[in-house]
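Student: This is the structure I want to talk about, given as structure tokens.
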């Protein structure tokens, strides 16, 4: 044996360290193709789509398995998530449950019952898939390139001028394995769509964020294609013109050509609570996948301002806030219209970040407990619902938009955001009761479709879908089905599947026309239609219906969180 001494030993040690380090770097490379533009490691690119099924007579399931598509994008920039450069994560923080082999997954209790009813589930999901295909084909035939379809008039309608239905539908088509339809949409987005096209219209910052940026982020996560990353960065950079130096919040509208902004006149030029809050997930995710911290910095400005505000009821924010973020413009509190996704995103940001920023947990728990104390009611017939406060008086109404909150409370329970089993059980109970009441508002109408606003009689507990304080319209909204989907995944109770199927059948029976799907002006009259096939019908309603009859491996809730337009975003687990 040759012994090395002095200088020779030192040189040998340095060489060994270099070789070990080089091998280690290679082992963490993940299979990157350094010659290409795609920053995704090859093994995560283009999650495979099973062969397309063109008929509803077969029971072959078609889906993309997202169970193990852990996104490895920009591992070197993970410090962007959770507070900026050099952030150190608190190992003892409250975080999402870690599920060990053999343990019950609180986000998934359907595997056994799904298998027991697999043939029926496949048949139903394929029928829902066919209605997505039908809706897309009619949009393509009569409204291609327009924002939405007017089926009765057989023409398109614009309010963005940017092909909204195409962009909003991409992930639904992809997840359903509708390859031909997805390619049509992708080709249009790649070769025709121009965010800077002079449409003569300002765009809603809120709607553009959740529908366009939200789905670009999702499609990049699902496919790894540079196209979607470039589109996401482009639309986000245009939306940032809505911000100015005197406000932490964006204006309500911005021109994508001359960058001029405007506010909601009917709101007295105040900020609608849900609008800036609905940028949090999307901007954080864009910073993560691009490695550019500027988007998260705008998100941080928003949440810093919201967290510093002091509503008269802690945790319950009025729906109009001042532009400078120092006060409120009204005293109406709603978990529905104008307030909804503020509360939703407090929870979902905590889930998305795996508890990195504790303030999201604190803000959400404060709000959730205040909702239960001040807004959650149980009628004399035992129906749980979440109402509004206006000037300190409860409205005894429940908006369809509020029905998402059933799923929100159940996700809060499953994620164990409080660390308190008793509190989690309460959240689960409230979530299920609200979801069942929302489903009941469908059951009581002649068409089987739920009203925009239901009124619950204080004395009798009866639910009214028209008349005093009610709004009997139905516009293909997703919120009830969203909460039913969450309830099924988290409980394994197939009763929720039956609720969803009954609603789907009513939608097909009442809202399907020869040339697309329409809404209703009155849920008691199937002839009183609203001639719009809403983009969220394709992006949300049909997607949640489809997922309710798919296995848990398709967008598992312990790996993905949905933005408020039903575009899934991958949860970023730490340590």
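Numbering starts at 1 and runs along the chain as it is shown here.
Even glycines carry a Cβ here, placed using N, Cα and C.
Automatic, uncurated: that is what TrEMBL annotation is.
In case it's useful when we look at the structure, here is the feature table from TrEMBL:
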ACT_SITE  207  active site, proton donor
ACT_SITE  340  active site
ACT_SITE  452  active site, proton donor
ACT_SITE  479  active site
BINDING   564  Ca(2+) binding site
DISULFID  403-438  disulfide bond
TRANSMEM  9-28  transmembrane segment
Student: Which one is it, among the recorded positions 207, 340, 452, 479, 564, that lies nearest to residue 403 (disulfide bond) by Cα separation?
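Tutor: It is 479, whose Cα lies nearest.
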Student: State the Cα to Cα distance, in Å, between residue 479 (active site) and residue 438 (disulfide bond), rounded to an integer.
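Tutor: Checking the Cα atoms of residue 479 (active site) and residue 438 (disulfide bond) gives a distance of 9 Å.
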Student: By CA distance, which of the recorded positions (207, 340, 438, 564) lies nearest to residue 452 (active site, proton donor)?
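Tutor: That would be 438, the closest of 207, 340, 438, 564 to residue 452 (active site, proton donor).
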Student: Taking residue 438 (disulfide bond) as the reference, which of 207, 340, 564 (the recorded positions) have a CA within 10 A of its CA?
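Tutor: Of everything listed, nothing lies within 10 Å of residue 438 (disulfide bond) (Cα to Cα).
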Student: Taking the Cβ of residue 207 (active site, proton donor) as centre, how many other Cβ atoms lie within 10 Å?
Tutor: 19
Student: Are there residues of the same chain, six or more positions away from residue 340 (active site), whose CB falls under 8 angstroms from its CB, and which are they?
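Tutor: The answer is 274, 334, 401, 402, 404, 405, 564.
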Student: According to DSSP, which kind of secondary structure is the residue listed as 'Ca(2+) binding site' found in, if we only use helix, strand and coil?
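Tutor: The residue listed as 'Ca(2+) binding site' sits in coil per DSSP, no helix or strand.
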Student: Which of these active-site residues has the least crowded Cβ, counting other Cβ atoms within 10 Å: 452, 479?
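Tutor: Taking 452, 479 as the active-site residues, the minimal 10 Å Cβ count falls on 452.
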